[in-house]
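Pulled from TrEMBL, these are the features on record:
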type	residues	note
DOMAIN	A:271-296	domain 'DUF5808'
TRANSMEM	A:6-24	transmembrane segment
TRANSMEM	A:53-74	transmembrane segment
TRANSMEM	A:80-99	transmembrane segment
TRANSMEM	A:134-157	transmembrane segment
TRANSMEM	A:194-215	transmembrane segment
TRANSMEM	A:222-243	transmembrane segment
TRANSMEM	A:294-312	transmembrane segment
Amino acid sequence: MTAWITYVVTAAGLTLVALIRPFLGRQNELFGVVFGTRNIRQDQVGRSLKQQYLIETLSLAVLVWGGLALMAWWHQQPPYLALGMIAFLLAALAATANAHRLSSQYHQQLAVPEAMRVSVDLTQLANEQTLSPVWGMVLLPLVGVGFALPWSAVAWANLTVGLVVGGTFLLTRHLAANVHGLAAAPGAAQARNILLSFLLAVAVVAQGFGLACAWQPAQAGLFSLVFGLLTLLGLLLLLITWLQVTRRQAPAGAVRTDNARWYWGVFYYAPNDSSLFVTKRIGVGLTLNYAHPASWFLLLGVVAVVATIAVLSN
Amino acid sequence: MELTVDFASTVPIYTQIRNAVIQAIADGRLKSSEVLPSVRALGSALGVNYHTVNKAYTQLADEGFITMRRGLGAMVAEQLPAVDPHFEAEVVPQMKALFTEAKVRTVDRQTLVALIDQVYDEGWHH
């Protein structure tokens with residue numbers, strides 16, 4: 001029964017995320033394609049592309065999640081959650097790629113010019129409010145607590161969380177918007193600070209969750225529930241504040257879009273940009289610049305950590 | 001103070017950054033000891049490699065227009081450079097090339113001087 005509940009909740013959650021992602025962008029962005037200063041949100045073609053994406057993604061969700069549930073029911077076995085997640089993520093990626101292709105075609109049809117002159121305000125940039133690196137220290141206390149107590153496995157896990165999140169935080173303190181130009185992405189600095197604060201908060205909560213589970217293993221279910229609720233609350237707050245500072249504001253100047261650097265609107269590949277992280281085009285969050293070898297090492301590192309946790313938990 | 005980079009230009013980006021900073025110092029938009037953004041912040045804002053910005057800053061520092069201090073970042077130099085052998089070594093070959101071309105194009109000295117005056121005056125009213 002628990003397996004079925006987990007399956008349904010995960011399926012509903014992932015489907016919901018896939019459905020709302022394209023609606024979180026700025027006014028001039030449609031499936032990873034930026035249309036200069038043009039507001040594409042109210043555009044007829046833009047609307048119909050979004051409708052088409054919704055229908056495609058919903059159909060794929062029903063096909064993948066429903067199909068696997070049916071198979072599990074037929075064989076009297078719990079549903080294959082991991083398989084469903086992989087299959088749905090691939091299906092959602094295919095739907096996004098298709099929508100991006102159609103959006104790119106529309107962009108070409110409109111012949112939106114690319115701004116070749118990019119301006120920045122040096123004074124504003126020099127005085128820009130970035131989160132102090134000292135904030136990264138919030139990840140240390142619970143690592144210390146882990147090592148001070150006889151739960152070494154949790155201490156190492158908390159140290160890993162501290163290193164990964166702390167490293168990401170330090171590398172992304174100056175993260176710029178994914179378009180360039182003076183007032184091309186208003187609110188980008190605030191949005192970045194909100195995102196980084198969320199990242200640090202979730203990491204600290206995760207460290208606390210690990211310690212709590214090691215301290216009272218019998219209460220792990222309750223702790224999971226609290227951790228899940230806190231993360232969900234944080235995510236909700238992140239979404240609301242992010243949308244307030246980005247989605248409502250229109251670009252006020254020339255926009256260098258760099259559309260050609262975004263593959264399927266999802267993968268960023270720019271050898272001339274030394275940023276390791278950039279803000280996502282579709283949805284909310286960060287993504288890697290895959291032109292950097294470091295990004296692949298980071299990706300492999302995360303896969304290795306996840307695989308190790310999966311093996312150890314079995 | 002606005003800094004503009006033209007990605008369609010044949011002038012290298014680091015030279016454009018260098019020239020824009022000197023132009024801003026010349027017309028008073030950048031004052032002595034004014035702090036410049038970090039290499040990382042400017043690189044991210046322009047969407048260019050940090051090395052490109054670093055190259056521009058290093059050149060500006062070598063020429064004495066800015067100072068770079070560890071931990072404090074880059075700032076416009078308190079004492080701006082005057083005419084020195086380095087400046088002459090840089091400028092004279094460029095002037096020679098320009099005057100040679102002017103001669104071939106039969107631009108007389110008076111016209112050339114008028115052009116220099118015009119460009120020189122425009123420099124303070126960017």
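Glycine too: its Cβ is placed from the backbone N, Cα and C atoms.
TrEMBL: automatically predicted annotations, no manual curation.
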How many of the residues that make up the domain 'DUF5808' (A:271-296) does DSSP mark as helix, as strand and as coil?
4 helix, 7 strand, 15 coil
Spatial neighbours of the transmembrane segment (A:294-312) far in sequence, C-beta under 8 Å, 6+ residues away:
157, 160, 164, 276, 288
Under an 8 Å Cβ to Cβ limit, what residues of the same chain, 6 or more beyond the ends of the transmembrane segment (A:194-215), are close to it?
131, 135-136, 138-139, 142-143, 145-146, 149, 151, 153-154, 157-158, 161-162, 165, 168-169, 172-173, 175, 223-224, 226-227, 230-231, 234-235, 237-238, 241-242, 245, 279, 284-286
